[in-house]
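S.K.: I grabbed these lines from TrEMBL:
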ACT_SITE  ASP320  active site, proton acceptor
BINDING   LYS20, GLY93, ARG121, GLN169, ARG351, ARG393  phosphoenolpyruvate binding site
BINDING   LYS20, SER21, ARG25, SER167, GLN169, ASP320, LYS347  3-phosphoshikimate binding site
DOMAIN    6-427  domain 'Enolpyruvate transferase'
Amino acid sequence: MTQLTNSAPLRGEITIPGDKSISHRSVMFGALSKGTTEITNFLYGADCLSTIGCFRQMGIDIEQKEEGRLIVHGKGMRGLSAPGSHLDVGNSGTTTRLISGILSAQPFTSVLSGDDSLNSRPMGRIITPLTRMGAKIESIRGDGCAPLRIDGTNSLHGITYHSPVASAQVKSSILLAGLYADGVTSVTEPVLSRNHTELMLCKFGASVSTEISADASARISILPCQELYGQKIHVPGDISSAAYFIAAALLVPGSELLIKNVGTNPTRAGILKVCQDMGADITYVNETAEGGEQTADLLVRSSSLHGTVVEGRLIPTLIDEIPMIAVLAAFADGTTVIRDAAELKVKETDRIRTVTENLTRMGGDVTPTEDGMIIRGGKALHGTVINPYLDHRIAMAFSVAALASDGVTDILDSSCVDVSYPGFFASLKSLTV
Ligand code: S3P
């Protein structure tokens with residue numbers, strides 16, 4: 001448990017740890033490459049450690065060095081060996097869904113299983129397209145969830161899959177299987193989801209193209225590939241982790257915080273647009289780009305916020321930040337409507353439910369809907385006991401709420417933040433004393 005109270009202004013600067021999505025992919029693509037992949041600013045969070053563990057079980061030598069340096073000794077696209085036991089994917093949906101695409105094409109059988117939350121998340125969304133490609137993949141309990149058994153095959157075929165959801169995990173799973181297919185593999189999605197897989201696979205030597213239509217739908221295609229090549233990867237800071245510090249600086253009066261090295265890839269940066277729509281004072285400094293990934297330092301000053309509407313094409317660009325946005329909305333003047341976000345129900349928890357429950361406990365006025373929430377802001381929030389139900393993003397969003405609320409807040413099972421941000425509470429405390 002961690003106890004938090006009303007905070008002094010946040011001042012100074014903070015450097016945000018590496019991006020979780022990019023960290024996962026750098027291990028996976030490095031493992032499948034010829035030669036060495038050297039990664040800096042890697043996120044040593046529990047989810048990424050699950051990915052490292054799985055590839056070690058398949059014979060990949062991965063050296064964990066100091067301060068986010070990681071070296072992956074790749075064995076090429078056909079160099080993985082059969083794991084001696086089931087692959088433990090922990091709490092990580094990204095590990096599970098992306099690795100399933102890879103395992104579908106390996107010459108061995110594997111079983112993937114995770115914790116209770118992971119094993120209750122929907123895997124039909126990857127089982128269906130991978131099966132259409134010729135993969136042999138089944139939900140062992142027959143409920144469409146992990147544990148999954150994958151009997152790898154060397155006869156995958158290219159398909160065009162029209163994904164009903166904008167999900168980078170689904171898209172990436174199919175594209176990774178497509179590396180091993182006998183022809184072009186294409187995925188369409190209603191809106192382009194985070195595009196780290198496409199950018200990084202191109203860097204590692206694969207041929208990937210993206211077309212965006214006038215209605216914003218996307219078609220991503222990959223060609224079969226013979227070999228990927230080890231790379232140097234510098235992982236930008238995770239905007240999903242930065243979101244908590246952006247929000248804390250906005251909400252605690254008198255704050256002025258420089259948040260350094262934040263990934264601002266437009267397929268991820270929707271939170272910045274929403275904050276600006278709500279009246280936030282955020283200045284971009286030191287904008288750079290490397291390997292197609294944009295980064296910036298963000299200077300955030302406390303601001304009085306007003307309600308907004310968060311919907312449509314914006315949703316995939318901020319899906320993981322919605323718990324934080326809901327908390328910001330509770331402190332803003334007026335009403336905020338979040339819609340088109342039914343995907344919230346299939347995250348580490350049903351985040352419509354866990355946000356509503358915890359915000360209500362703090363005195364917030366929130367109505368859950370089928371695909372989002374309506375939050376009537378401007379109510380004074382008070383400290384309480386927060387149950388994140390082991391969901392890292394709920395624990396962090398409500399820790400920030402505690403800083404701007406009256407009284408004492410207890411965050412139960414607060415170590416769940418280690419999934420994506422092991423030093424979170426230490427960083428928060430260092431800025432708020
Ligand atoms: C991720 C994609 C998103 C996101 C998750 C990480 C990724 O999930 O919520 O935290 O790294 O590809 P979906 O693909 O289910 O939207």
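For all residues, glycine too, the Cβ spot is worked out from N, Cα and C.
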S.K.: Taking just the CA atoms, what is the gap between LYS347 (3-phosphoshikimate binding site) and LYS20 (phosphoenolpyruvate binding site) in Å?
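M.R.: So the alpha carbons of LYS347 (3-phosphoshikimate binding site) and LYS20 (phosphoenolpyruvate binding site) sit roughly 15 Å from each other.
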S.K.: List those of the recorded positions SER21, GLN169, ASP320, ARG351, ARG393 whose Cβ lies under 6 Å from any atom of ligand 1, in sequence order, or write none if there are none.
M.R.: SER21, GLN169, ASP320
S.K.: Considering only the binding-site residues ARG25, GLY93, SER167, ARG393, which fall within 10 Å of the residue listed as 'active site, proton acceptor' when distances are taken between Cα atoms?
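M.R.: So the list is ARG393.
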S.K.: Go through LYS20, ARG121, LYS347, ARG351, ARG393, our binding-site residues, and report the one whose Cβ sees the most other Cβ atoms within 10 Å.
M.R.: ARG393
S.K.: Are any of SER21, ARG25, SER167 (the binding-site residues) within 10 Å of ARG121 (phosphoenolpyruvate binding site) when you go C-alpha to C-alpha, and if so which?
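M.R.: Near ARG121 (phosphoenolpyruvate binding site) by Cα: none of them.
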S.K.: Please identify which of SER21, SER167, GLN169 has the densest Cβ environment, defined as other Cβ atoms within 10 Å, among these binding-site residues.
M.R.: SER21
S.K.: Average pLDDT across the domain 'Enolpyruvate transferase' (6-427)?
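M.R.: Result for the domain 'Enolpyruvate transferase' (6-427): average pLDDT 97.
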S.K.: Using C-alpha atoms only, work out the spacing between SER167 (3-phosphoshikimate binding site) and GLY93 (phosphoenolpyruvate binding site) and round it to an integer in Å.
M.R.: 11
S.K.: When DSSP is mapped onto helix/strand/coil, what comes out for ARG393 (phosphoenolpyruvate binding site)?
M.R.: helix
S.K.: In whole Å, note down how far the CA of SER21 (3-phosphoshikimate binding site) lies from the CA of GLN169 (phosphoenolpyruvate binding site).
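M.R.: The Cα atom of GLN169 (phosphoenolpyruvate binding site) is 10 Å away from the Cα atom of SER21 (3-phosphoshikimate binding site).
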S.K.: So which of the recorded positions is most packed in, judged by how many other Cβ atoms lie within 10 Å of its Cβ, out of ARG25, GLY93, ASP320?
M.R.: ARG25
